[in-house]
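According to TrEMBL, the protein has these features:
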- 51-68: transmembrane segment (TRANSMEM)
- 89-109: transmembrane segment (TRANSMEM)
- 115-135: transmembrane segment (TRANSMEM)
- 187-206: transmembrane segment (TRANSMEM)
- 226-249: transmembrane segment (TRANSMEM)
- 279-298: transmembrane segment (TRANSMEM)
- 318-335: transmembrane segment (TRANSMEM)
- 347-365: transmembrane segment (TRANSMEM)
- 381-404: transmembrane segment (TRANSMEM)
- 416-437: transmembrane segment (TRANSMEM)
- 443-462: transmembrane segment (TRANSMEM)
Amino acid sequence: MGSGWSSEEERQPLLGPGHGPVAGGAWRSREAAAVLPEAVRGPGPVYGRRWLVLLLFSLLGFAQGLVWNTWGPIQNSARQAYGFSSWDIALLVLWGPIGFLPCFAFMWLLDKRGLRVTVLLTSFLMVLGTGLRCIPVSDLMLKRRLIHGGQLLNGLAGPTVMNAAPFLSTTWFSADERATATAIASMLSYLGGACAFLVGPLVVPAPNGTSPLLTSESSRAHIKDLIETVLYAEFGVVCLLFSATLAYFPPRPPLPPSVAAASQRLSYRRSFCRLLSNLRFLMIALAYAIPLGVFAGWSGVLDLILTPVHVSQVDAGWIGFWSIVGGCVVGIAIARFADFIRGMLKLILLLLFSGATLSSTWFTLTCLNSITHLPLTTVTLYTSCILLGVFLNSSVPIFFELFVETVYPVPEGITCGVVTFLSNIFMGVLLFFLTFYHTELSWFNWCLPGSCLLSLLLILCFRESYDRLYLDVVVSV
């Protein structure tokens, strides 16, 4: 399928099996081959089209996050319109981490076929998934199955949009722009999930006790029509992005922008051996996977968590929206700072997780106001959730850059694929338990400060290194 979408040159693997800068053909075009020795001695050119490539990839991640989080913010309305149970709502969120099960196949495809083929396959899966949810059927049981199938297909797009950001930034951006590009590409997926908190509750009314007329059959049909409007709109956005990607998404620039981009990486098999035998990588991978997995699962059912403290669906949507938006904005700003002040990734993570531990503890104790007597107000809930989202979400691009630096020359996609796979395992396990213990959610809140504190200790014991940065800064001089 990919052979029809790209030229023979584009289908050459970016990361060849050789060990020298030319062996294996990391940059196979004649123009690149002619100047590769010079590129290894100094930084290469950057191209203005890199921002268009970054924009297309980021918007694709935005759409994937938006589709994934469609149902959590409107779970009460979905129950009313389609007869979803608590198990259905949790499973609709759970399809995201389930979609990461074949993530290593996507990383192999990224390594062997390049960025263009992998992104096109990802966007095509999203088109199929969002289209499946829009098939008009009157049978509610069949409709629910179609929706579940669509969410699964969208979940299969997750490995690429979540893992390929460092690969894209290394391929297209210079060393002093990599962290910023990684932050933009990875944060837009979270921003899409945040916009679901905004779009869903604002478009779809909540069948709560303040609107008794919504329990009538006509009102139930009205809610269903509005939900389907959201589904059709998301399908249209995904189709537009697929068309744009099909029209223009080159796999790599004509010349590598940095020494690291021109250098060879380890083979697929040797990369896994290197990752699994590197204790420092395993330590920092757990520091990322545990709290981010817990937070992702917690965010997906935030409406369900806040219902016992009498927070409306709209307020829960706004809290989720601003917590993730704040993290995206701060994450990009911190990544830009990290591009200017290099070699401080560990210190940045220590500061972020100190704040995450404090804010998550504050939120958990606030929800237990009957015991702690802390004020339970909209202001305190907004503030604690937003701070938690800022500290945790903004750490994602910093983690990604530190992963790549720690295990270089392991390919970026494989490195990030392993850690996001672990994160989704933790997320999936929590959501699985949630389906059986959804009537009592206080334990879920305590998972947040516990995971943040554990991560803080792991980061504190971690010994950082910057192998890729050394190659770009020292070798290029």
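All positions are counted from 1 along the displayed chain.
Cβ coordinates come from backbone N, Cα and C, glycine included.
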Can at least 3 Cβ pairs under 8 A be found between the transmembrane segment (443-462) and the transmembrane segment (318-335), with each pair 6 or more apart in sequence?
no
Positions whose Cβ lies under 8 angstroms from the transmembrane segment (318-335), at least six residues beyond its ends:
73, 179-180, 182-184, 187-188, 190-191, 193-195, 197-198, 201, 299, 302-303, 306, 311, 348, 352, 381-382, 385-398, 401
Report yes or no: does the transmembrane segment (381-404) come within contact of the transmembrane segment (226-249), defined as 3 or more CB pairs under 8 Å with a sequence separation of 6 or more?
no
So if I exclude everything within five residues of the ends of the transmembrane segment (226-249), which remaining residues of that chain have a CB under 8 angstroms from its CBs? That is, six or more out.
5, 52-53, 56-57, 59-60, 63, 66-67, 70, 74, 77-78, 81-82, 115-116, 119-120, 123-124, 126-127, 130-131, 133-134, 199-200, 203-205
By Cβ distance under 8 Å, which residues at least 6 away from the ends of the transmembrane segment (51-68) in the same chain are close to it?
93, 95-96, 119, 122-123, 126, 129-130, 151, 154-155, 157-158, 161-162, 164-165, 168, 172-173, 181, 184-186, 188-196, 199, 234, 237-238, 241, 244-245, 248-250
Using a Cβ-Cβ cut-off of under 8 Å, list the residues of the same chain that are 6+ residues beyond the ends of the transmembrane segment (187-206) and lie near it.
58-59, 61-70, 72-74, 76-77, 161-162, 214, 222-223, 226-227, 229-230, 299, 302, 312-314, 316-325, 327-328, 331-332, 393, 396-397
Would you kindly list the residues that approach the transmembrane segment (89-109) from elsewhere in its chain, counting only those six or more residues past its ends and only Cβ-Cβ distances under 8 Å?
68-72, 75, 78-79, 117-118, 121-122, 147-148, 151-152, 154-160, 163, 268, 293, 296-297, 300-301, 304, 411, 413-414, 417, 420-421, 424-425, 427-428, 431-432, 434-435, 438
